[in-house]
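TrEMBL has this to say about the protein:
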| type | residues | note |
| --- | --- | --- |
| BINDING | Gly46, Ala48, Asn53, Ser306, Asn338, Asp406, Ser407 | Na(+) 1 binding site |
| BINDING | Val49 | Na(+) 2 binding site |
| DISULFID | Cys151-Cys159 | disulfide bond |
| TRANSMEM | 40-58 | transmembrane segment |
| TRANSMEM | 70-91 | transmembrane segment |
| TRANSMEM | 112-139 | transmembrane segment |
| TRANSMEM | 219-239 | transmembrane segment |
| TRANSMEM | 248-265 | transmembrane segment |
| TRANSMEM | 303-320 | transmembrane segment |
| TRANSMEM | 332-353 | transmembrane segment |
| TRANSMEM | 391-420 | transmembrane segment |
| TRANSMEM | 432-458 | transmembrane segment |
| TRANSMEM | 464-486 | transmembrane segment |
| TRANSMEM | 507-530 | transmembrane segment |
| TRANSMEM | 542-567 | transmembrane segment |
Amino acid sequence: ISSNYCTAFTFFVLFIEQDPHVDDGDENTERGNWASKREYILSTIGYAVGLGNIWRFPYLAYKNGGGAFLIPYFVMLVVTGIPLFFLESAFGQFCSQGPINIWRAVPILQGVGIAMVLVTLIVSIYYNVIIAYSLYYMFASFQSPLPWSSCLSWADSNCSSTPRVSCNVSGVLVANWTQYNITCPETDVITDPVQSPSEQYWDRVALQRSSGLDETGPVVWHLALCLLLSSILVAAALIRGIKSSGKVVYFTATFPYVVILILLIRGVTLEGAGDGIQFYIGSQSNLTKLYEAQIWKDAATQTFYSLSIGWGGVMTLASYNSFHNNMFKDAFVVTLTNAGTSVLAGFAIFSILGHMAHIYQMPVGQVVKEGFGLAFIAYPDAMSKLPISPLWSVLFFFMLLTVGLDSQFAGIEVIVTCLLDAFPKIFKHKRALLTTSACAIVYLLGLPCVTQAGIYWVTLVDQFVASWVLLVLALLEIIGICYIYGGNRFIKDIEMMLGSKSFAFWLWWRVCWFFISPSIIVVILVWSLMTFKPPFYGGVQFPVWGLALGWCMVVFILLWIPVVAVYKLMKAQGTFQCCSTSCSPSKDWHPYLDVHRGERYSEERCCPMRNRENKQETDLSLPT
């Protein structure tokens, strides 16, 4: 395994060769750059490849016709995923600024940048909690047998490793009817609802889950300690910013692939694995699903969220690139790797779930779950049935840990970068203190999520903040860049980094940025709002005040957009001039270094050019 890992890693490193413009020294000595192209690619892949690739995509594929789901998924990747990832990467790389300062290009929309940072902050809080769950389960896996392999002292009478079946004989339920030579018709067979040991371990031991959001309960201290360890790991990796995290991702961004391959190889050798793969992407594929709108909506949503578009992280990571880095090639490498990871993880997950269904003599569809149910109930249950179960369990949860840490690195980096860009004189030489403080604040804000009602808080934040709010931000991002700043002007900015391209080269990207991508986002956004259902967890409905709090979080995030817009308009003087000034790039919008500004952004031509380009870019006509 070690030799195969080294070979694969060496091949990957050689594939991502450095651009000729990139050298070992920092081009931007004030802000810093990635030490190498490899570190940027691995960090971005680690950020994009999150827990959703492992516990969300396989379930969506199964639900939407198996292999048929891959058709709309890759279509949406081409028309929305790659174009928007390319757009955000180029936007961040051009000015070398974080999500707030980057909106100097369109000052009236600077509230969008603030909203992105707030979303990242709130999501980082509950993402840190999920990492804590993974840490706890990883530590608990160093036992043989695994503690959730059977009903122990913590279980109640409803816990059972096997289904409980009774026969209705003249109104009397008989459990062991075969011992009495009784023949039971199928219509009289009753299956009693029971909980598996893994499900009760998750609820009663790991979470110590309360009856609802109203019952907060005390802090679950083993989770609080794991949360503290998670915060320490993130702070240690980011203590020197990208200079330290860029080294850590050599392991954290590549090791999950090793584990996925190990689990896949082990999974396909198990009895019943073929049934699981058939349900995932085999002969059970239902091509008629392609005629249903739901499959296209799920494919677009999964593509959008899995690439972390609209969070500000893609811009932040790209802002540390050298000015002439080929972000066009990077967009393809990262997005295709992300999609391939989702497909590969599905094979590893479903092969073992197929074995689990074989053991329980149940259809695969009855053991398939998503989210927390897959990661902390179904999959641990399946691994407890394998020989050397602690080994497979440790590997699986260590993989979840590394996948979660990579995404958390980028989330904290977004927050730190915005503060550094906003107050460079104050924080320039205090990055370590700033990073440690950010991780400490995220830890403290995460403590309510490790109380006995913590899982309800995590679900609430996930459903309200990390959902359609991001669609609003991404839509405004496209409107701001393509329609207000000007798509043609943005293309000229990109050509300053990549060199001149032909009209044919840009035609596809214009079509996606101006029409296809925003149209798809509008459809998903409207659909999401029309089909919105109050969140719940484990059959427990949230109280009215909990739902109101969720909507308050949404309002608090989005409110910054109109507030900042009004402030910018009031700051400008004159009726026409206030709109023109607020929608035009500020004097601070330009490449970070003087050497890259060229004639377009030189001090002498800056103002005249911007006024002229504003008039030229108000229409969407394509140049001939």
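Each Cβ is built from the backbone N, Cα and C atoms, and glycine gets one as well.
Remember, it's a predicted structure, so these values are computed and weren't measured experimentally.
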Query: What residues in the same chain, six or more past the boundaries of the transmembrane segment (464-486), come closer than 8 Å to it by Cβ-Cβ distance?
result: 84, 87-88, 91, 103, 105-106, 108-109, 112, 115-116, 119, 122-123, 304-305, 309-311, 513-514, 517-518, 521-522, 524-525, 528-529, 532, 535, 550-551, 553-554, 557-558, 561, 583, 585, 613-614, 616-618, 620
Statement: The recorded stretch from 40-58, 112-139, 248-265, 332-353, 432-458 sharing the largest number of CB pairs under 8 A with the transmembrane segment (391-420) is 112-139
Query: If you count the other Cβ atoms within 10 Å of each Cβ, which of the recorded positions Val49, Cys151 comes out on top?
result: Val49
- prompt: In the same chain, outside Gly46, Ala48, Asn53, Ser306, Asn338, Asp406, Ser407, whose C-beta lies within 8 angstroms of the Cβ mean position for the Na(+) 1 site?
  reply: Ile45, Tyr47, Val49, Gly50, Leu307, Ser308, Thr341, Val403
Field: Separation of alpha carbons, Cys159 (disulfide bond) and Ala48 (Na(+) 1 binding site) (Å)
entry: 38
Other CB atoms, at most 10 A from the CB of Asp406 (Na(+) 1 binding site): 26
Message: Excluding near sequence neighbours, so keeping only residues 6 or more apart in the same chain, what lies with its CB under 8 A of Cys159 (disulfide bond)?
response: Cys151, Val194, Gln195, Ser196, Pro197, Gln200
- request: With a Cβ cut-off under 8 Å, give me the same-chain residues at least six positions beyond the ends of the transmembrane segment (219-239) that come close to it.
  value: 128-129, 131-133, 135-136, 139, 206-208, 245, 248, 405, 408-409, 412-413, 416, 431-432, 435-436, 439-440, 442-443, 446-447, 450-452, 454
- prompt: Between the transmembrane segment (40-58) and the transmembrane segment (332-353), are there at least three Cβ pairs closer than 8 Å, leaving out pairs fewer than 6 positions apart?
  reply: yes
Query: Same-chain residues six or more away whose CB lies under 8 A from the CB of Asn53 (Na(+) 1 binding site)?
result: Ser306, Asn338, Thr341, Ser342, Ala345, Val403
Message: Give me the long-range Cβ neighbours of Gly46 (Na(+) 1 binding site): same chain, 6+ apart, Cβ under 8 Å, in sequence order.
response: Val249, Thr252, Ala253, Val403, Asp406, Ser407, Phe409, Ala410
Query: Would you call the transmembrane segment (112-139) and the transmembrane segment (507-530) in contact, using three or more Cβ pairs under 8 Å, pairs 6 or more apart in sequence?
result: no
Field: Beyond the flanks of the transmembrane segment (542-567) by at least 6 residues, Cβ under 8 Å
entry: 108-112, 114-115, 118-119, 122, 212-214, 456, 460-461, 463-465, 469, 472, 476, 534-536, 582
Statement: One finds that other Cβ atoms within 10 Å of the Cβ of Asn338 (Na(+) 1 binding site) number exactly 24
Task: Tally every other Cβ atom lying within 10 Å of the Cβ atom of Ala48 (Na(+) 1 binding site).
output: 27
